[in-house]
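As structure tokens, the structure follows; a few thoughts come after it.
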């Protein structure tokens with residue numbers, strides 16, 4: 001995971017020495033919004049009107065943050081109006097690449113770039129920062145709209161409703177306060193918590209993160225014992241944001257990130273919740289275990305220097321979930 005500094009690529013890992021061994025995720029830089037009428041969203045500038053075939057999504061099938069956007073794109077029926085380019089699962093000295101030799105990697109459908117950082121430079125030749133997925137690209141203005149997954153899924157949720165998106169609101173007004181509250185602690189201790197555990201370079205930092213992670217998983221197990229989804233009987237973005245971490249937990253995070261106190265399979269309600277969403281129409285199409293496992297075990301040389309991929313347990317997410 002390198003970065004661009006004044007438009008020049010540098011192959012540098014995260015600096016945890018200055019933070020007591022703690023992994024600190026950087027903020028997304030592009031925070032514009034696609035809106036129904038092109039007006040400015042909560043952040044960024046105006047000028048990004050929701051239109052069919054105007055926007056393009058860059059993703060990794062391995063990445064849980066990008067997976068959120070693929071899930072919302074699927075649920076809202078946006079496949080025909082927002083095409084996707086899929087990077088190679090390995091993220092090595094040049095970051096994400098567009099090598100399409102790995103099954104289901106597509107190459108860069110728009111510009112035939114070799115590396116994702118070249119797309120960032122197309123938007124800003126002097127960009128400084130991390131080069132991450134997902135990226136929502138505006139083909140009309142030839143620039144990045146957003147590289148923040150939390151914002152992109154909210155755009156997909158409602159901005160395209162008037163141009164043919166499927167009905168469904170996963171951030172309903174009556175539940176927004178509860179969704180935001182859930183998102184806050186789930187992001188910190190679970191979504192990002194697995195990374196804080198896995199990328200920790202001191203025992204204290206690891207102990208702190210992994211303890212918070214499993215405390216939150218126990219809390220989620222209790223919540224999901226009371227109702228089908230996190231806010232009640234209605235599927236919301238809070239469920240989708242949690243789910244993309246859960247689907248990777250037993251295949252990768254248990255071993256690779258040392259999150260091994262329990263497996264998701266050990267939790268009755270969490271494992272049922274995982275299968276429940278997996279079995280919804282189209283959701284399984286967004287899951288690619290070869291990309292997931294090859295990425296994590298092969299890309300993080302500071303954790304797994306030889307790139308050996310563990311055998312891992314077998315999964316059957318089509319088993320009855322017993323929920324709802």
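First residue shown is number 1, and so on along the chain.
Just so you know, glycine gets a Cβ as well, placed from its N, Cα and C.
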**Report entry** Candidates 96, 185, the one TrEMBL lists with 130, 131, 132, 133, 148, 149 as binding glutathione
**Finding:** 96
Query - Overall pLDDT for the domain 'GST C-terminal' (172-299), taken as the rounded mean - result: 98
Report task. Out of 96, 195, 253, 296, give me whichever of these recorded positions has the highest number of other Cβ atoms within 10 Å. Result -> 96
Query raised in the report: How big is the gap, in Å, between the Cα of residue 131 (glutathione binding site) and that of residue 296 (site 'Lowers pKa of active site Cys'), rounded to a whole number?
Result: 17
Report task. Rounding to the nearest whole angstrom, report the longest C-alpha distance spanning 96, 130, 131, 132, 133, 148, 149, listed for glutathione. Result -> 17
Query raised in the report: Just how many other Cβ atoms lie inside 10 Å of the Cβ on residue 149 (glutathione binding site)?
Result: 26
